[in-house]
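**Student:** Pulled these features from TrEMBL for this protein:
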- B:Thr185: active site, nucleophile (ACT_SITE)
- B:Thr148, B:Lys174, B:Thr185, B:Glu272, B:Asn398, B:Thr403: substrate binding site (BINDING)
Number of protein chains: 2
Amino acid sequence: MIRNLTTVRGIKCWGAHIGIKSMRRDLALIYSEVPASAACTFTQNEVVAEPVKLSREHIKSGKAQLIVCNAGNANACTGEQGRLAAEAMAQSAAEELGIEKELVIVASTGLIGEPFPTEDVVSGIRENMAKLSNDAKAGSFAANAILTTDTFAKEGFMDFDLNGTTINIAGISKGSGMIHPNMATMLGFIVCDLAIEPKLLNKAVKECVDLSFNMITVDGDTSTNDMVAVLCNGMAGNEMIKSEKDEGYQLFRNRLEEMMVHLAKLIISDGEGASKFIEYQVVGAPSDKVARTLVREISDSTLVKAAMFGRDPNWGRIVCAAGNAGVPFDYANVDLHLGDNETLIQVLDKGKPADFDRNHVKRLLRESHLRIRLDMNAGDGQGVGWGADLTTDYVMFNSVYTT
Amino acid sequence: MIRNLTTVRGIKCWGAHIGIKSMRRDLALIYSEVPASAACTFTQNEVVAEPVKLSREHIKSGKAQLIVCNAGNANACTGEQGRLAAEAMAQSAAEELGIEKELVIVASTGLIGEPFPTEDVVSGIRENMAKLSNDAKAGSFAANAILTTDTFAKEGFMDFDLNGTTINIAGISKGSGMIHPNMATMLGFIVCDLAIEPKLLNKAVKECVDLSFNMITVDGDTSTNDMVAVLCNGMAGNEMIKSEKDEGYQLFRNRLEEMMVHLAKLIISDGEGASKFIEYQVVGAPSDKVARTLVREISDSTLVKAAMFGRDPNWGRIVCAAGNAGVPFDYANVDLHLGDNETLIQVLDKGKPADFDRNHVKRLLRESHLRIRLDMNAGDGQGVGWGADLTTDYVMFNSVYTT
């Protein structure tokens, strides 16, 4: 038996093909039988898609009951027509379900600046709402219906025990930045049957997104449509979690982080233009925040990514990128290790080139899963992030996108 | 007759091959017969090469008489050995000239983290100092001796009249970020025979660097060795410029900007991995600063650069990059034009796709000199910058650099 979104108590899903894309499913519905505590994070881009604007308003209540997401058209840079389209999606879905439209989270992913096919989407929503199902295949349909250029559906499921009650948590994500990045919106939808207060859920979601979806990079840009939404509907029947000190809070928060990291890493794994999955670790930083800033700067560096593609143990570029992060960085204290998932080789020892076997490192860098570990030796702060390499295929795919 | 560095009154140069590089000249000397007012700007990277550290100290006096620069070894990440090497370069040059060592600006460019060949460089300095010459070819030698992967020497000369006195200004630069970016230090050395107080010169230099060298991007990184140095030795005999209100100040400042823009654009033009030179204009911004921030964000975008390589009028990426700049950006007000050096076509009109001939734009984007012009319609601020496209060759060259 497959366990996915629909394994979570009270969650029903559907994924349909309504004709925005030519062949594949393009409408996903994720529904909770009861209103759920809900929290979202949204893109930091100043250019924001219409569904993001609407969902920002709807989530203010801390409650949601449905996530509706279309793929194929981002409903971004679409102006008033797009605004009305996002509202029509929420309105029609709410009417079919007999719920308030403010309980609907709307998301879109696909082409930017194309007129939105409102009629098709609205009639698609109305026709498919009756098909909501807690069958596992309905969960798979939903996971597939949010994809654009992704080459595989990204799903996760886990459960944990809270005082004898099994709590289920499941999620799906999409994103494949390597090709067609205008479509490379990053979406993450997670459902859980835990009972937790919205404010506390919001805190956990923001913390965990910072450690997961915000720590992956493909091309350094955030899209107009990025969104992570988490619904906790309380149907596990546990005592409502109201405080960080409640027994279940840390337990849940850690599982949520684990789920988000899993879903985020799957996004990095899915890039036709990428040849390598790279884990970046920064330790010994003055703070976790500084460590994460360095991780992002290094993993965003065009030169570092190109070196990884070329299996080049080019530590100068890594140090140079770290020096560009806008935080104090004392090169003379730095230890640097490179390697694959199994073996790390020290290439810098307190800022001095270590005595390492260059060919050994180059052999390790042939692997598809690489690691870069930088120790600042300046504190206890640490951070980890994930990225892909920069390949000739990436450039080729991305140079001829809209045409 | 060629006019270059040595045309400036009191300036003598030399460029020699002292064996750091296998074939090409690798030691440049630029000398003023009298101590000159001097100002420098340096890399913002936290990892700073030894010559930069030393020159930062030396320039504090506001005076300099010699620029000595080696190519082939960056003297970066070289620790105590490197620090002593930079000092030995200044010391030996000062001894040969009989001047204070604090009057020597030291610069290096080349490989990071390699042991510095101090003995060869010091003896090279001692042997070549006697060859300083005001012959034009000596200026060309110097321009060539600061190159690394550059494919041509970058020089500029102009003169202007100040109350009947001819003021000469000449400069050289180096940098070719497209390949071997660890060597892609950006250097600019400018000499002028104007009499101007150091403090005022410093102000002009900082302003002009912000509008020129700081507005070019190849891969978004700043190197460990970047440096711009300007010497004004006063040998034109004009009345010393002591105030911004002095007649000659604005005249000089504008020429200095022109010279720096010229030298900066030459750097962008020199990239084997690049196929296009792109000018980015942002107008109608709330301030010049915001405009320049947008220029840098757009010109740094991997996706925009790849689209230009592919001749793809992908306005969504440009707008998305602008939205990522961290400044308020109202997409709905934006006009966007794309084109070549001659013709601009409007593709966005107040946030809405304009009615343009896609094939016409694509034909224009075949040119090697492109323009992107974004009007925020939100004020009088403007900025301009220059960059290269992202090509498959770029990735190929950069993936196999140190190996």
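Positions of Cβ are set from backbone N, Cα and C atoms, glycine also.
Quantities reported herein were computed from a predicted structural model and do not represent experimental measurements.
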**Student:** Helix, strand or coil at B:Thr148 (substrate binding site), per DSSP?
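**Tutor:** Once the DSSP labels are grouped into three classes, B:Thr148 (substrate binding site) ends up as coil.
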**Student:** Does DSSP put B:Lys174 (substrate binding site) in a helix, in a strand, or in coil?
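**Tutor:** Where B:Lys174 (substrate binding site) sits, the three-state DSSP reduction gives strand.
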**Student:** Of these binding-site residues, B:Thr148, B:Lys174, which scores lowest on Cβ atoms within 10 Å?
**Tutor:** B:Thr148
**Student:** If you measure B:Asn398 (substrate binding site) to B:Thr185 (active site, nucleophile) at Cα, how many Å is it?
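**Tutor:** Checking the Cα atoms of B:Asn398 (substrate binding site) and B:Thr185 (active site, nucleophile) gives a distance of 15 Å.
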**Student:** Check each of B:Thr148, B:Lys174, B:Thr185, B:Asn398 (the recorded positions) against chain A and write down, in sequence order, those whose C-beta lies under 8 A from a C-beta there; write 'none' if there are none.
**Tutor:** B:Asn398
**Student:** Tell me the Cβ neighbour count for B:Asn398 (substrate binding site), meaning other Cβ atoms within 10 Å of its Cβ, over all protein chains shown.
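**Tutor:** Excluding its own Cβ, B:Asn398 (substrate binding site) sees 28 Cβ atoms within 10 Å.
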**Student:** Under 8 Å between C-beta atoms and at least six apart in sequence, can you list the same-chain neighbours of B:Thr185 (active site, nucleophile), or say none if there are none?
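**Tutor:** When sequence neighbours closer than 6 are ignored, B:Thr185 (active site, nucleophile) has B:Ala74, B:Ser108, B:Thr109, B:Gly110, B:Thr148, B:Lys174, B:Gly175, B:Ser223, B:Thr224, B:Asn225, B:Asp226, B:Met227 within Cβ distance under 8 Å.
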